[in-house]
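Chemist: Sequence annotations record features per position, and here TrEMBL assigns domain 'APS kinase' to 27-177. The ATP binding site feature in TrEMBL is assigned to GLY35, LEU36, SER37, GLY38, SER39, GLY40, LYS41, SER42. Under the heading active site, phosphoserine intermediate, TrEMBL lists SER109.
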Amino acid sequence: MTQKSTNTVWHHAAVSRQDRERLHNHKSAVLWFTGLSGSGKSTLAHAVEDRLHKLGISTFVLDGDNVRHGLCSDLGFTDADRVENIRRISEVAKLLSEAGVITLTAFISPFREDRNAARKLMPHGDFLEIYCQCPLETCEQRDVKGLYKKARAGEIPFFTGIDSPYEEPERPELIVKTGENSLDECVDGVIQLMARRNIVNLSSVKTCQ
Ligand SMILES: Nc1ncnc2c1ncn2[C@@H]1O[C@H](COP(=O)(O)OS(=O)(=O)O)[C@@H](OP(=O)(O)O)[C@H]1O
Ligand SMILES: Nc1ncnc2c1ncn2[C@@H]1O[C@H](COP(=O)(O)OP(=O)(O)O)[C@@H](O)[C@H]1O
């Protein structure tokens, strides 16, 4: 994108990300859920958030459908619009991460290059790509919002998996088999990954309901 804001100078904050992390008593990170429509990104991201919240961890979920009602309401589903969608989300995720919050994003994010660009925006180790791996047939059978039926009927152009591509992650931090494992098993997998990466220390967190 062309940089139009010129003559701007970065202002360094008195309170650092590390200060905020100390206040929260945990590190911040971005959990980037990617996968086909209906693969379980939203369900899983919200279930992980619920588990983390109960452990006293500050979280925020950025969800595709919701963000497209506001920040990205001017964007559709052409390749170019999806690129811009993911670019904006990546920047928001970075800001939330600097605020000391564990950010969970649930976007199809079909292009490898855009997910890699999001990864590069964050400090090394902060970006965890979580592939919600679920066969297209299963997503289509679920058809949570009835969109696959419409796409097959030709009523929704550029539908991911039908007439718009999804590029599988090559080296995600985690693959969750949302087509065959239970939601609880998938949530456990994500929490264990966070513990392995020292993002959460399950033995020292406070709990709240
Ligand atoms: N053409 C087309 N292709 C895919 N998805 C479509 C389309 N049109 C509308 N929807 C609905 O928009 C949700 C996906 O938005 P995202 O912002 O996650 O998409 S992307 O990352 O920019 O590709 C997606 O939500 P999820 O089902 O939660 O993935 C759909 O509800
Ligand atoms: N292991 C699982 N993880 C997440 N969702 C699952 C799982 N197993 C079944 N589901 C179901 O699959 C559907 C996924 O829908 P949703 O979360 O909206 O997907 P997406 O956000 O990827 O479009 C939900 O109805 C959910 O209950």
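Every residue gets a Cβ built from N, Cα and C, even glycine.
Describe the structural context of these features.
Modeler: Secondary structure from DSSP puts GLY40 (ATP binding site) in coil.
For SER109 (active site, phosphoserine intermediate), the number of other Cβ atoms no farther than 10 Å from its own Cβ, over all displayed protein chains, is 27.
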Chemist: Near ligand 1, which of the recorded positions GLY35, LEU36, GLY40, SER109 are found, taking a Cβ distance under 6 A to any of its atoms?
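Modeler: If the test is a Cβ under 6 Å from any atom of ligand 1, the answer is SER109.
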Chemist: Round to the nearest Å and give the CA-to-CA distance linking SER39 (ATP binding site) with SER109 (active site, phosphoserine intermediate).
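Modeler: Rounded to the nearest whole number, the Cα-Cα distance is 13 Å.
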Chemist: Reduced to three states, what secondary structure does DSSP give GLY35 (ATP binding site)?
Modeler: coil
Chemist: Filter the recorded positions SER37, SER39, GLY40, LYS41, SER42, SER109 down to those with CB closer than 6 A to an atom of ligand 2; keep them in sequence order.
Modeler: SER37, SER39, GLY40, LYS41, SER42
Chemist: These are the binding-site residues: GLY35, GLY38, GLY40. Which one scores highest on other Cβ atoms within 10 Å?
Modeler: GLY35
